[in-house]
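Over in TrEMBL, the protein carries these features:
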DOMAIN    6-217  domain 'Cytidylate kinase'
BINDING   G10, P11, A12, G13, S14, G15, K16, S17, S18  ATP binding site
Amino acid sequence: MTKTVVAVDGPAGSGKSSVSKAAAKRLGFAFLDTGAAYRALAWHVLDAGADPEQGAAVIASLASFDYSIGTDPDGYAVHVGETDVTESIREPRVSAAVSAIARVPEVRTHLTELFRSIIRDTDKPGIIVEGRDITTVVAPDATARILLTASEEARMSRRSAELATESASDVAIALQKRDRADSRVVDFMTAADGVVTVDSTNLNFDETVDAVLDVIRTSQEK
Ligand SMILES: Nc1ncnc2c1ncn2[C@@H]1O[C@H](COP(=O)(O)OP(=O)(O)O)[C@@H](O)[C@H]1O
Ligand SMILES: Nc1ccn([C@@H]2O[C@H](COP(=O)(O)OP(=O)(O)O)[C@@H](O)[C@H]2O)c(=O)n1
């Protein structure tokens with residue numbers, strides 16, 4: 001049986017991770033959070049005391065980047081070497097550093113290869129892969145390709161509801177800044193040819209999961 005690959009892209013806070021995870025659980029599929037890898041590399045660069053703005057230092061750190069991530073949608077751990085970084089990669093200092101390392105072409109090539117090998121190796125009937133360039137670069141031949149969007153206002157209020165320790169305005173500013181920096185590298189605000197847009201602005205969580213499952217079902221029938 002051929003493996004179903006589902007590619008999901010979109011801006012920060014659009015629901016990529018939570019919605020993809022829920023859809024993967026419903027389908028018995030694996031789930032891959034590619035943003036976690038970019039975050040883990042940013043963590044690794046900071047941990048080594050290197051400057052994430054220095055492309056050469058970031059490229060040099062790839063050699064010692066011993067990364068692993070689980071693909072179980074019920075819970076996955078992210079490791080760099082022996083260190084469990086599942087929680088620490090969500091810290092604001094990592095979020096603030098990640099766009100700088102993500103714009104280095106050598107980083108993108110390295111991580112794209114890693115994602116493709118994880119997709120190849122999964123033993124589940126399918127995998128949902130979410131990020132910024134999955135529909136266009138990592139898996140342009142995916143069975144289903146989805147751009148998950150939501151208004152900036154909805155994305156910011158969802159994200160600030162999650163991060164109780166920070167003020168809503170700090171979260172909003174950081175999110176806008178990261179989206180702006182990221183969209184200079186990859187276009188995740190407009191759907192490429194053949195990519196289906198799911199706008200979750202006026203959908204609740206379950207309705208968004210259902211909309212994504214519908215797109216997957218329709219693509220599998222083709
Ligand atoms: N349609 C929706 N309606 C309400 N809340 C949502 C919806 N989709 C996602 N969320 C919530 O928004 C927050 C951000 O979602 P997340 O999956 O982390 O986004 P992303 O991975 O795109 O950054 C999460 O708390 C999630 O539960
Ligand atoms: N496919 C991807 C995924 C993430 N990224 C980068 O990784 C960062 C973190 O991604 P994420 O998906 O964890 O971010 P959130 O949208 O969940 O906050 C993004 O801000 C991008 O800089 C990327 O460049 N390409």
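Note: Cβ is positioned from N, Cα and C throughout, glycine not excepted.
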Key: Neighbour tally for K16 (ATP binding site), based on other Cβ positions within 10 Å of its Cβ   = 28
Request  = Would you mind checking how many other C-beta atoms are within 10 angstroms of the C-beta on G10 (ATP binding site)?
outcome  = 29
Remark   = Near ligand 2 by the Cβ criterion (under 6 Å), the binding-site residues from G10, A12, S14, S18 are A12
Request  = Around the recorded ATP site, report the further residues of that chain (criterion: Cβ within 8 Å of the mean position of the Cβ atoms of G10, P11, A12, G13, S14, G15, K16, S17, S18; site residues excluded), sequence-ordered.
outcome  = V19, E130, L148, A150, R155
Request  = Quick one: give me the count of other CB atoms within 10 A of the CB of S18 (ATP binding site).
outcome  = 15
Key: Same chain, 6+ residues apart, C-beta under 8 Å of the C-beta of A12 (ATP binding site), given in sequence order   = R155, R159, L175, R178, D179, D182
Ask   = Reduced to three states, what secondary structure does DSSP give K16 (ATP binding site)?
value = helix
Task = For S14 (ATP binding site), just count the other CB atoms lying within 10 A of its CB, please.
result = 29
Inquiry  = So, three-state DSSP: helix, strand or coil for G10 (ATP binding site)?
reply    = coil
